[in-house]
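In TrEMBL this protein carries:
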SIGNAL    1-23  signal peptide
DOMAIN    46-160  domain 'DOMON'
DOMAIN    169-366  domain 'Cytochrome b561'
TRANSMEM  207-225  transmembrane segment
TRANSMEM  237-258  transmembrane segment
TRANSMEM  278-295  transmembrane segment
TRANSMEM  307-327  transmembrane segment
TRANSMEM  342-366  transmembrane segment
DOMAIN    400-450  domain 'F-box'
Amino acid sequence: MDRTWKLFLLPCLLLSFLASSSAQTCNSQRFPDNRQYANCADLSALNCYLHWTHDQAAGTLDVAFRHTGTTDSRWSAWGLNPSGPRMQNTQALVAFVNSSGVANAFTTSIDTMSPSMQPSPLSFEVPTLSARFENNEMTIFAVMRVSDSWLSTSQVWQEGPVSNGQLGIHPLSGDNVRSAGSVNFLTGQSGGSSSAGSRTRRRNVHGVLNTVSWGILMPLGAITARYMKVFKSADPAWFYLHVACQTSAYAVGVAGWATGINLGSDSPGVTRNPHRNIGIALFCLATLQVFALLLRPNKDHKYRLYWNIYHHSVGYTVIILSIVNIFEGFDILQPEDHWERIYIGILIFLGVVATLLEAFTWFVVLRRNKSDKHSHSINGRISLLSRDRWVFLYSPNGPTRRMDRLPRDVVLDILSRLPVTTLAQSKSVCRSWRGIIQGSILLDKHLLRMSGPENDPCIIFQSPPPILDHYYFVDFAAYSGRYKRLKSFWVSTMHGKLVASSNGLLCFCSSSAIHICNPLTKQSVELPKLPSESGMLGFGFSPTTKEYKVLDIIYQRKRLSSDSHLAPFQSKVQIFTLGDSQWRSLGMAPYQFIDRQSQVTVSGRLHLISQPGEVRMKDRIISFDLTAEQFQAVPLADHVTLDRRFFELVALRGHLCVAASNASCGLDIWVMKEYNVKESWVKEFIIGGYLPKELRSTNGRIPFFKSDFSAVCSFKGGKILLKLWRNDLVLYDPVHEKFEDPMFEGALQWHEMVVHVGSLVSI
């Protein structure tokens, strides 16, 4: 085994010796006429070498500068610069092959960044100067008489083209910008310049930062966004990955861009116009992309399409310009070839990955569309993915053809299950859909389903004074997540006091008029003027006659003729049916109703709370039959004692309920399980006191006003929405007896609120 290893190592050592001996160094070089030099140095760039002998007694330097691997169409130069390792102020020796084929040498003082390269005297004497060109090597021989200050200084060497006897400008990249260093003719030391090395390092750092950021991370972020979002399980992870990737690319790219600006300021007279201009454009476009992220509208915003077009076009432009500028940088920096090949390999890899993902995602989308068409599709654009979720898919066949394939009853049943906001958007699919959605059959079916216990209601909030004509709409049926989206809307006639909501319409009252409107369709109508001053208003819908009615109740008292006591309360009642031309009088009613947001419509009857009078002490809840247009007391069970307690009416899951404050500063809720049946009253919920965390005192005590809250509505999961004393909202889970704060996307400040069943019914 040892002998085998020796036989293997011997050829390797021999090859290594031959390779090292064949590499040219200054020590292996020979000169004609057996010239000998005391010192030599291998210069760091352009295959150049320096030989010299210092005669201290005579004060002279005998130098030989050799440039190997050149041609007779190139000039070579070497010089000294006491100002530093740069071109300006260099005292140079220049050699080239003239038109006669003879090597010619001369001196020139380089005083500007654009020298004429014409013969001129130097700052020191050069008694002897000659040049020799053979075997593609140019050698300059010179004897220089210099002072001691020139013995340790900076040296600069260069080469460039010769055309028709004229010396051209040398290249401004690669080794030509690294050909500077220091030399000490006394100690024999020669090396690269620290400032030149620093500049080279900065150029390399500039190239690496920009290649990694603009050339790798940017395309990777675009690939992540384009292909990951196809998969539902990757949402919203793809968005955060995309933002992280692009933000990192921008941060690293800005560092690379700043390095390039610094390099440009340190290199006066050196211009890279295409590279610089593309870099500035990249920085500006990328900065716009970052700010555009902060201004990104919601997905359903009308300007989102234009934002997407801008975002995609600018993003792909940045990637294309980045790749072009990186190759511009390679041409300037001129690194070893394998670095450019590595980046080309990375681009090829990213291109192959993008191509494969493009094909795979198209396969996934087409397969998903095909599956949806056979199982859930009702036309070419909309596919039902779950019971109450729809996604718009575009198809070249159009929606009308596929609509005809389904029975009309099936289409009506499917559309009636949509949240009202989605149903409103579906009107824009096609004309046939618009006709179906605007038809009375679907509207009645949809309204009946949305008002049922299997669906969650909507809530409309009215902004606080002085801006009372701005509203927020929350469709709880459309968003199953924790965060509920607030949609602001405005209708010109929606101003004044928000009276009530009934069957998809809202009633508003101002000092000048009463309006009925549909906030989703933006339709509204102004009611005729009342014959007299308006009082308390009520609003409801009769499911029997399909009519909307508005009540106007004015309080009145009558004195008895025999004494000074007041008679029981009397109220003058007027009614208006939507579609009529005038108000009608219903005479007098023996009640004084409490004017607050507590009127509730259940079973076609509008329910109000009356003030106890001298005759009737227990007739506290009064119903108004919207069909028969008659008042009637609602029977209360004996155990439901409300005479001396603050209470409000609320409808929970279609049942008439009474919510009253209890002794523990909480809320008791009685539910009438069977309408108008006295014995069906049940105390179903007992809710304890609650206070938001920000209002709790540091010592754990609860302020006295914590009991002032009321019930608003209930949801299909069993939770109850409560309103606190300062218009805060809280959800109560009666199963686990826990409270939680509902979360809204956006700031919510409101003055009035109403539970609303959304509908597209026309007025």
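Quick reminder: no glycine exception, Cβ is built from N, Cα and C everywhere.
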Counting Cβ pairs under 8 Å that are 6 or more apart in sequence, does the total for the transmembrane segment (342-366) and the transmembrane segment (207-225) reach three or more?
yes
Report, as numbers and ranges, every residue of the chain located at least six residues beyond the transmembrane segment (278-295) whose Cβ falls under 8 Å of a Cβ in that stretch; write 'none' if there are none.
210, 214, 243, 246-247, 250, 253-254, 257, 260, 307, 310-311, 314-315, 317-318, 321-322, 324-325, 328
Folded-back contacts onto the transmembrane segment (207-225), same chain, C-beta under 8 angstroms, at least six residues removed:
238-239, 241-242, 245-246, 248-253, 255-257, 259-260, 279, 282, 315-316, 318-319, 322-323, 325-326, 329-330, 333, 335, 343, 346-347, 350, 353-354, 357
Return the average pLDDT for the domain 'DOMON' (46-160) as a whole number.
88
Could you break down the residues of the domain 'F-box' (400-450) into DSSP helix, strand and coil, giving a count for each?
37 helix, 0 strand, 14 coil
